[in-house]
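Here the structure comes first, spelled out in structure tokens, and everything after it is commentary.
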Amino acid sequence: MSGSNTDTIPDRPGRFLLRYIRRRPWSFGGLFSVIVAAAGCAVAVQYGMKLLIDAMASPDRAAADVWTPLGLFLGFIAAENVLWRLGGWLGCRTVLATGVDMRLDLFRHLTGHSMRYFSEHLAGSLGNRIAATENAATTIFRTLTWSIVPPVTDFLGAVLVLLTIHWGMAAALVMFAVVVAVAIVGLGLRGRTVHHAFAEQSARTNGELVDVVSNVWTVKAFSARGRERERLRQAFTVEAGAHRRSWMHLEKTRVVHDVCLWVMAGSMLLWALLLWRDGTITTGDVVIVSALTFRILHGSRDLAFALVTATQQVSAIDESLRVIARPHDVLDPVPAEPATPGGGAIAFERVSYRYPEGRKVLEDFSLTIPAGQKVGLVGPSGAGKSTIISLIQRLDDVQRGDIFIDGQPLTALAQDDLRAKIAVVPQDIALFHRPILENIRYGRPDASDEEVFEAARHAFCDGFIRQLPEGYGTLVGERGVRLSGGQRQRLGIARAFLKNAPILILDEATSALDTQSEQEIQAALADLAEGRTVVAVAHRLSTVSAFDRVLVLVDGRIAEDGHPTELRRRGGLFNSLWQLQAQGFAAE
């Protein structure tokens, strides 16, 4: 799922849709061919009716051949019905399969963005954009197939039929259709702004709604239901206003279309009657002109609506692609080096890193961590501890310098290969709304049930899991809401046990545990850390007291570096922090 130079999504709706048509050329080609043939049969049915009426209008009824026109008429009806049903079958298979491809491609590209990207966008809004893009694209394909291709085919067929009756009427129909098409398309293009504004506002509002629902505990805890309802009311009102402007533009387009078609239908029928009275055309000709005129009248009404609908959906896709399809900040090299086996040695060489807004975090920073060494990172907030562990995982790229793992630059490895060498226990354990067994197995998907149970025992969570009504099959709720903070932390540690990677990153891994549980987990972590490189961010200094080395960071630089016992003996910043925490625990 990592970003790569080839893992791209077209950022324009036209190229985006064409990408999937090219992926299934035979399916889409067959679908459109069948629909064109079905619509052509519908026009041929009208021509068969003309032939039948002309035969019936013959003075010599006994000699009139009505059976051949009747056979053609019934044959075209049967062929039309068969082709429409075949088109429905092809459309179902093709459009739905394409929708699945779109969602998977959008998900792959979305998850290839850096963590900085996700911090700038609401998770609910991003998820809604994937669903909305697939829905809009599916609507466009359906609209094109069922509401645009048939009327256009009807029009072309009508022109051919009218050429056999009176070339002037055919020419008039073409010119009138061009005028109407230009007017409708012009209005549609003018409406892109309001349609895009509605799509953008809708995505923003849906994201805010998901954000509130996701934080419902906070809403209840601060008695904020009324405030959030009022806030959402304002957002919904703004969205409704944007929707109203988009809708009214659609209605204006329909009015223009209806007036144009009323004039066209009246003119064509009047002209046909005058030609019939002069004996230039037959009764059957008048019937087919009437039938085709009204067919085009209704078909073009659907066409106008379809064009505006397609414009709205294109705007929705465009809005989503502007957010999702932007290029990745962190890219895999092409080709990537294979990750070499190693003990997990880490090296920073003159690394500089700044946040997007320009604030400096690390400047000319160098650090070497031998394989198997256990290093604790301590220091005040904003010192750069979290930045260092993020850069080790290559969640973002540095502006200058290099980072190495086992002698290989991170930028030479595929991101998935790099992260396969790292197990992380974060401060906030993220769990999926899936069974506990599946959440632990996320660390190593091919692990057996017994290996999962063993990892759970190492993390001291096997006991409470088996006490749950469904044991390891228990669903944990969204982000693990059905479990306590300590239970979630234990599952995260079990997942790291199962992954068995050479590098272990701990970000306050015991922060949510009580004192007894922390002692148990510290023993388990000591066992887990054996033979591995460990980098731990710790605010509880007792968690790094048995480490090989502690780095005290201040403003992105290493202020103190050494064994924790040695640092305490020196009486520097680490010792001051230790004394403050010791006094705090004594007061408790």
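Including glycine, each Cβ sits where the backbone N, Cα and C put it.
Features of the protein shown, as given by TrEMBL:
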TRANSMEM  25-46  transmembrane segment
DOMAIN    36-312  domain 'ABC transmembrane type-1'
TRANSMEM  66-84  transmembrane segment
TRANSMEM  144-163  transmembrane segment
TRANSMEM  169-189  transmembrane segment
TRANSMEM  255-276  transmembrane segment
DOMAIN    346-580  domain 'ABC transporter'
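Restricting the average to the domain 'ABC transporter' (346-580) gives a pLDDT of 86. Among residues of the same chain six or more beyond the transmembrane segment (169-189), those with a C-beta under 8 A of the stretch's C-beta atoms are 155, 158-160, 162-163, 249, 252-253, 256-257, 260-261, 264, 267-268, 271-272, 289, 296, 300, 304, 307-308, 311. For the transmembrane segment (255-276), the list of distant contacts is 166, 169, 172-173, 176, 179-180, 183-184, 187, 282-283, 285-286, 289-290, 293-294, 296-297, 300-301, 304: same-chain residues at least six beyond its ends, Cβ to Cβ under 8 Å.
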